[in-house]
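Participant: Sending over a structure as structure tokens; questions will come in a sec.
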Amino acid sequence: MDFFYKYLALVAIASLMVFILLFGQIPKLKYTVIGKLNRFFMVTIPYHLHVLDSRYADGRCSAAMRSLSNYVLYKNNPLVVFLYLALITIGIASFFIYGSSLTQKFSIIDWISVLTSVLLPYISLYIAAKSNPGKIDLKNWNEASRRFPYDYKIFFPNKCSTCKFEKPARSKHCRLCNICVEKFDHHCIWINNCVGLNNARYFFLFLLCTIQLLFHSILRLGYHFNALRDMRQYPSFLRSWWFAIKSEGELGSVFLISLICSVLVLCLLGYEFFLVYAGYTTNESEKWSDLAHLVKNRKVYMYYENGSQLLALDKDASNDAILVTSMSQIDNIYDNGFYNNFFSLVFPYRHLYSTT
């Protein structure tokens, strides 16, 4: 294979690895091939490397790797943000440096369109990274504690050992940012910030701005390469496309990387929209997954008290409690339908709850 084929193979493998590492721990994929590969790369391989290191190097390599991984994974740092910025900046620079045959034909509208598309990811990243995710402190605790009721299924009154106050329903203490966050979704390494009640909308904006840049790149370069296809020399549709892309390798690389990265970002965006549809956050999806595991093992019973559905484990269930055989039997009080869920994401403080 020549360099171009090797480069494409490397990009494809790297993208697959990123997909496995990003999505392998999602509850829906935990027991699929993706989840198994994630555990293989994140658990099995490190374990065997540690065994070899302990045997032949007295554990020195493992200690160094633990120190590095602790900084990357468990310390609030901007490394992945810099990686994101480097990727899109190199791609944009390559487009303008090697795409003079396109840009010299641009009209004013084209330039406005391209420059707007280029600037949006930088602006949205800054907004998402600098936004307050919904930090809870003593000043706003009363308001935050009334925002959502406890469902007594996945959220119960519980004190935060770090912040020293009772955690409001749907909140969580982020060990990276060292704050409690309202309606905690997850800590996002791509924006180096938590995603919570106040800035989930900005996280969505960041994803949308990223995907529009990738789509813009795919459409413009795709149109360009389609015009370069030589159907007389390469009558096959795919071969004519392939050789058109190879004829301008630098732009071809930008096109292919945009194509592959767009799949990754679309998967992430699709998963986030699924969570909105389902009426829970990434953090809550893990709790619901644990509950589903208990239901599958026939360990959960339900009963009603003052019109509210409550759950109990088999050992604590009363005689009149009903065995839960399906997750569809369990009410999610935080799910108000896709429209209302999305509305509350965009306008987070126009909430639908009024607890006392």
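Keep in mind that glycine also has a Cβ here, set from the backbone N, Cα and C atoms.
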Participant: Can you check whether Swiss-Prot puts G35 on the same side of the membrane as F243?
Facilitator: no
Participant: State the non-local partners of the topological domain 'Lumenal' (100-107) in its own chain: residues 6+ outside its ends, Cβ under 8 Å from one of its Cβ atoms.
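Facilitator: Counting only partners 6 or more residues beyond its ends, the topological domain 'Lumenal' (100-107) has Cβ contacts under 8 Å with 114, 220, 224.
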Participant: Going through 79-99, 202-222, 254-274 one by one, which has the most CB pairs that fall under 8 Å from the transmembrane segment (108-128)?
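Facilitator: Between the stretches 79-99, 202-222, 254-274, 202-222 has the largest tally.
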Participant: Report, as numbers and ranges, which residues of the same chain sit near the transmembrane segment (254-274): CB under 8 Å and 6 or more residues beyond its ends.
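Facilitator: Residues 8, 11-12, 15, 18-19, 22-23, 26, 87, 91, 94-95, 98, 203-204, 207-208, 210-211, 214-215, 217-218, 221-222, 225, 245.
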